[in-house]
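Asks: Mind having a look at this structure? Questions to follow.
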Amino acid sequence: WYKTQENMLLVISMQGGKCRNQSSLVRLTGTKYSCGGGGCGACTVMVSRYNSTTKAIHHYPATACLVPICSLYGAAVTTVEGVGSIKTRIHPVQERLAKCHGTQCGFCSPGMVMSIYTLLRNHPEPTPEQITKALGGNLCHCTGYRPIVESGKTFCVESTVCELKGSGKCCMDQEDGSLVNRWEQMCTKLYDEDEFQPLDPSQEPIFPPELTVRYFTFVNGRRSKQGERTTWITPATLNDLLELKANFPKAPLVMGNTELGPSIKFKNEFHPVFISPLGLPELHFVNTTDDGVTIGAGYSLAQLNDALHFIVSEQPKEKTKTHRALLKHLRTLPGAQIRNMATLGGHVVSRPNFSDLNPILAAGNAAINLVSKGKRPSFNQSQLFSYLQWHFVFGLRMAQRQENAFAIVNAGMSVKFEDGTNTIKELQMFYGSVGPTTVSASQTCKQLIGRQWDDQMLSDACRWVLDEIYIPPAAEGGMVEYRRTLIISLLFKFYLKVRRGLNQMDPQKFPDIPEKFMSALEDFPIETPQGIQMFQCVDPHQPPQDPVGHPVMHQSAIKHTTGEAVYIDDMSCIDQELFLAPITSTRAHAKIISIDISEALALPGVVDVITAEDVPGDNNYQGEIFYAQNEVICVGQIVSTVAADTYAHAREAAKKVKITYGDIEPRIITIEQALEHNSFLFDEKKIEQGNVEQAFKYKSLKGSEVHVEGQEHFCMETLSILALPKEDKEMVLHLGTQYPTRVQEYVAAALNVPRNRIACRMKRTGGAFGGKVAKPAVLGAVSAVAANKTGRPIRFILERGDDMLITAGRHPLLRKYKIGFMNNGVIKAADVKYYVNGRSVCIILYLCEISLCFASTQVVEFIVLKSENAYYIPNFRCRGRACKTNPSNTAIRGFGFPQGTVVVEAYITAVASQCNLPPEEVKEINMYKRISKTAFKQTFNPEPLQRCWKECLEKSSFYARKLAAEEFNKKNYWKKRGLAIFPMKFSIGIPTAYYNQAAALVHIYLDGSVLVTHGGYELGQGLYTKMIQVASHELNIPQSYIHLSETSTVTVSNGVLTLGSMGTDINGKAVQNACQTLMARLHPIIRKNPKGKWEDWIAKAFEESISLSATGYFKGYQTNMDWEKGEGNAYPYYVYGAACSEVEVDCLTGAHKLLRTDIFMEAAFSINPALDIGQIEGAFIQGMRFYTIEELKYSPEGVLYSRSPDDYKIPTVTEIPEEFYVTLVRSQNPIAIYSSKGLGEARMFLGSSVLFAIYDAVAAARRERGLAKTFVLSSPATPEMIRMMCVDQFTDMIPRDDPSTFTPWSIRVS
């Protein structure tokens, strides 16, 4: 194996991880381990191989978590360390990703770098489309992708400047009559391209010469590697392969490991022998003849794609119909990494039920050539991709998202006609994801032979295929009625495509399809996103070194992109370190009858199994149970843990712990079940104004129930803890959390020691979004108990599936309402009830002798207090309750506002529909317009709200685009466009005053350098960067003088949680206070020597015994809320905004495309526009996904199905708006530091503009079909929901089952 500092062949092995797999020997920690199944791209590396036939070197991206080291014979692997380093040279890819602000938490950044870098190695001057395609297999949960794509586009030759419709004018130009004041000069450059290094391909590391020759010695004509439990064998020839397969018939053939790898990791498969025919020439070839093409099974999907593109470019169109159908699906299969690893043969064989290629291959008459020992190969080449002029082949599919997602239903269909006619001679229809294998509708096809290709044939075909292909009502995967509808919807698309093809062949003989049906022929294109970000320019009179107001790069951005930013699992292995694996409950509500750990303890490497009996202190602290004892109250509750010398040993032993349960009734999973059992956590919270009952004398609308489902945080770095036991009962914990003080409290309680013995240290974490507020405290206690019992360091890194199961997610919500309104759209009364799916225990925090039921209570309080959004309703009542249920839920970004306020927009839209008025008109009629009081009597000024609303209407060209959408809808029956514009009034902070305090500590050293520490936590939002800007401004020194290392309970005690968009507000004030104290001390010295240097002043201060350290403190905003009276000053201030989104919906499949989004966010004065805009874009995309594609699925027993990127789809780069415009609107906020505003969570709700744009498009479809104008579109608006709301002849045709006759595979928990 060739090793240099630039190219390291050793990468993560099949188990993944850092210390777990000996990568500590070479300390390559840049490659990140996130999902373990190849679905997120965080572990992307570049693999390079030499092709002895073509004499060329091929570079391709691969997900390291799935690459077996034994498969890397002859390959060079480049990790992010080999691309560039702060210590040596930063590569232009790394530099531009950082300077374009394409990194926030940074955990995904090394993978992004490697995807772009690999593309540039193959294409030094890529197109924007190639950039987008290269990033399709990488997930990011912070940035919203736009700046990542933009960093890649800086390498493109063609201009990436946004020009409006080719006019050369900017769509955001300030025209006459603009509402922007002339003194506010707006900027659009968040970075300076002149700073970028040029890309010089000649400076890239060369391919190791040693790997261009065969320097390994074969043993008996083959290579083999013997492991502890398994043997890896690589055959030298095809005959050798056949011999091995005969000797080891059950041994799997491993090529890309994209199917086998996850099965071994997550399904507990074990194989003593692996056979890898990787590189056999007999499996890597393309032969093209007049009859068709033969492709070797060892070709990767990427190679297959290239080969088919070449064939299509060389041969007549009539001859490549199957090729083009395959190419269409290959574009939307998993990202570039998996496409370069997975093989054609592996895909065909290992994915029989949901393969996107198998139905097309079958419809194209492809044949599989088989060979076995002692038998000659059976070739049927004449049937491969055969063609006729009157022959049509198409592939169709529908998935949860446009790219990198398994199909919900897919199909391959072909038809041959009698020459010159539309009489069916041969018909084939194959479907995937509707049964255990690809299913042929052979009987239907047989019945249709000889029929004319007309509407009556289509009608019969739909009825017959539904009879022939039966999906049971309890089928795995659910969505049964939707999948049934897709079967015939895709058939209809095929019918239209063929009719269109016949017309093109003979327009006189075969009439064309209706013009209004044309848009149904094509799927949504994948476009490269573009946009503009606008913010107020810095005052030209501001001193050059003052960074406040400038778009400063994230202080760790370069470290993120070089992989040198250290996360918990990147920390060096510690002597005698143990690894912890959890055993979690499989029941939602049950007694623990027994726990048998004997088999686990007997396994090699196992040191101990920890249970509730091992907790020396309080195991049930303030309602939170660390290790389940006697009873479990949700699926995923930790029952015990295994500590072992390696993670593999710990995980293997965890499988051997036997727990016997006895079910307890009732088991309450859904809100409806909680209402039936009157199961609540606490009394309702209520606010009220006016006389609601009397006001219902007006026209009233009693709304249907609106369901809003939950959401997973999906932090790229899972919950991670390193617990180190020390002397004197001390315990040091390195972890990623939003609340180290709480971790300290829980660990101290579990160990029965004072809090001063517990130190929690945090430098950064790879995303949080509320998911690292509560659970890290529990897992910290779990880890500390294990460290205490064993007396050894404990590393506890959750696998993705365990992380999703244990941390839980956003509270699902059920809403009921009654609205009183007038015909002119004025809403006179609203009575709204909210129920949230809480959890089974109430977590109590005792601070200042005040207790509160933390997560669920605050979610309900936030929902109720924010339930008006931006509207004044004179008679208003809102009530909220948290249901006591057996699923577990917790805080997540927005903390109740995103799910609660979408209900407000739902009834506003419903009123508009009843009044036959546009929704935007009803919004404007009822919007707050002057200084007012909320329903809980807090005074506020909505002037910035009005500015954002009017700016958004004007700058988004809302009315013109709405007319254009209406015109589009008139011309298109099966695709519809919709627009929605939303105002937002978001309250900042927490209505409990002591949660708003903060402290800081600032040291000045004798060389003039400054160290800043504070009680806030870096989650990717750039808090540390802003604190450096604050210190730089206050001390009047360059940022380069200032360092901010980490947050620790040792340096700043009793820090409050970082959430609610308050991080910069409160910690900035504390840092400012400390700096001002220091400057006051230095003032006499500066006055005596005003022209002196900073270093001189510091030296003089030290000589005069002036302290150069200072603490800073901010008492906090004095908020309060009296729930008895239903009034208070609950929040320090409000943030306002508006967003407009436009979508296009495919009524036949339920797919949607986000065409454009305009966001206008009141930022007051932005301390750092780059960070604030990044937060706005990221939060918007996170909100958009919450309202559309993300769906948590539970079994009726409360088991969470959605536990990986395969099951739970967050957006990829193709889901963001094609056009994305963000503007920061200037205002004043005198109570906050530098008149800024907290923007961390506010934009999440603006993603609902996409939901209601979808509603608008679906409403247009329903109006055209004569359906009810008012309907309920719950959240998320998945493709399933969209399709089934677009009722038509196909949804009416499907069979429907009596719900009382079966138990569904999944249920709604809201």
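A Cβ is built for glycine as well, from the same backbone N, Cα and C atoms used for every other residue.
What TrEMBL says about a protein is an automatic prediction, not a curated fact.
Grabbed the feature section from TrEMBL, which reads as follows:
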ACT_SITE  Glu1241  active site, proton acceptor
BINDING   Cys35, Cys40, Cys43, Cys65  [2Fe-2S] cluster 1 binding site
BINDING   Cys105, Cys108, Cys140, Cys142  [2Fe-2S] cluster 2 binding site
BINDING   Leu253, Val254, Met255, Gly256, Asn257, Thr258, Glu259, Leu260, Asp356, Arg397  FAD binding site
BINDING   Gln738, Phe769, Arg893, Gly1060  Mo-molybdopterin binding site
BINDING   Phe895  substrate binding site
DOMAIN    225-403  domain 'FAD-binding PCMH-type'
Asks: For the recorded [2Fe-2S] cluster 2 site formed by Cys105, Cys108, Cys140, Cys142, which further same-chain residues have Cβ atoms within 8 Å of the site's Cβ center?
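Replies: Counting only non-site residues, the set is Thr103, Gln104, Gly106, Phe107, Ser109, His141, Thr143, Met716, Gly766, Gly767, Gly1020, Gly1178.
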Asks: Taking Cα atoms as reference points, rank the binding-site residues Cys35, Met255, Glu259, Asp356 by distance from Gly1060 (Mo-molybdopterin binding site) and give the first.
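Replies: Nearest in space to Gly1060 (Mo-molybdopterin binding site), counting only the binding-site residues, is Cys35.
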Asks: So if I measure Cβ to Cβ from Gln738 (Mo-molybdopterin binding site) and keep only same-chain residues at least 6 apart in sequence, which ones fall under 8 Å?
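Replies: Set apart from Gln738 (Mo-molybdopterin binding site) by at least 6 residues yet with Cβ under 8 Å, we have Ala768, Gly770, Lys772, Val773, Pro776, Tyr1017, Leu1019, Leu1057, Thr1058, Leu1059.
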Asks: Rank the recorded positions Glu259, Asp356, Glu1241 by how many other Cβ atoms lie within 10 Å of each Cβ and give me the one with the fewest.
Replies: Glu259
Asks: Among the binding-site residues listed here (Cys105, Cys140, Glu259), which has the Cα closest to the Cα of Cys43 ([2Fe-2S] cluster 1 binding site)?
Replies: Cys140
Asks: Neighbour count first, Cβ atoms within 10 Å, every protein chain included; then name which of Phe769, Phe895 tops the list of binding-site residues.
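Replies: Output for this query is Phe769.
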Asks: Given the recorded Mo-molybdopterin site (Gln738, Phe769, Arg893, Gly1060), which additional residues of the same chain have their Cβ within 8 Å of the Cβ centre, ordered by sequence?
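Replies: For the Mo-molybdopterin site the neighbour list reads Ala768, Gly770, Gly771, Val773, Ala891, Ile892, Phe895, Leu1019, Thr1058, Leu1059, Gly1240, Glu1241.
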Asks: Same-chain residues six or more away whose CB lies under 8 A from the CB of Cys142 ([2Fe-2S] cluster 2 binding site)?
Replies: Thr103, Gln104, Cys105, Cys108, Met716, Gly767, Gly1020, Gly1174, Gly1178
Asks: Find the shortest Cα-Cα separation between Glu1241 (active site, proton acceptor) and the binding-site residues Cys40, Asp356, Arg893, Phe895, and name the residue that gives it.
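Replies: So, of the listed binding-site residues, the one sitting closest to Glu1241 (active site, proton acceptor) is Arg893.
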Asks: Let me spell it out: for each of the binding-site residues (Cys140, Met255), count the other Cβ atoms within 10 Å of that residue's Cβ, using every protein chain shown. Which one has the most?
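Replies: Its Cβ has the most other Cβ atoms within 10 Å: Cys140.
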Asks: Which ones are near Cys140 ([2Fe-2S] cluster 2 binding site): of the binding-site residues Cys40, Met255, Asp356, Phe769, Arg893, Phe895, which have a Cα within 10 Å?
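Replies: Correct set: Cys40.
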Asks: To the nearest whole angstrom, state the Cα distance for the pair Glu259 (FAD binding site) and Cys65 ([2Fe-2S] cluster 1 binding site).
Replies: 12
Asks: Looking at the binding-site residues Cys35, Cys40, Cys108, Leu253, Gly1060, which one has the fewest other Cβ atoms within 10 Å of its own Cβ?
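Replies: Candidates: the binding-site residues Cys35, Cys40, Cys108, Leu253, Gly1060. Fewest Cβ atoms within 10 Å: Leu253.
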Asks: Kindly state the mean pLDDT of the domain 'FAD-binding PCMH-type' (225-403) in the predicted structure.
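Replies: In the predicted model, the domain 'FAD-binding PCMH-type' (225-403) has a mean pLDDT of 88.
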Asks: Spatially speaking, which of the binding-site residues Leu253, Met255, Asp356, Phe769 is closest to Cys35 ([2Fe-2S] cluster 1 binding site)? Use C-alpha to C-alpha, please.
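Replies: Closest recorded candidate to Cys35 ([2Fe-2S] cluster 1 binding site) by Cα: Phe769.
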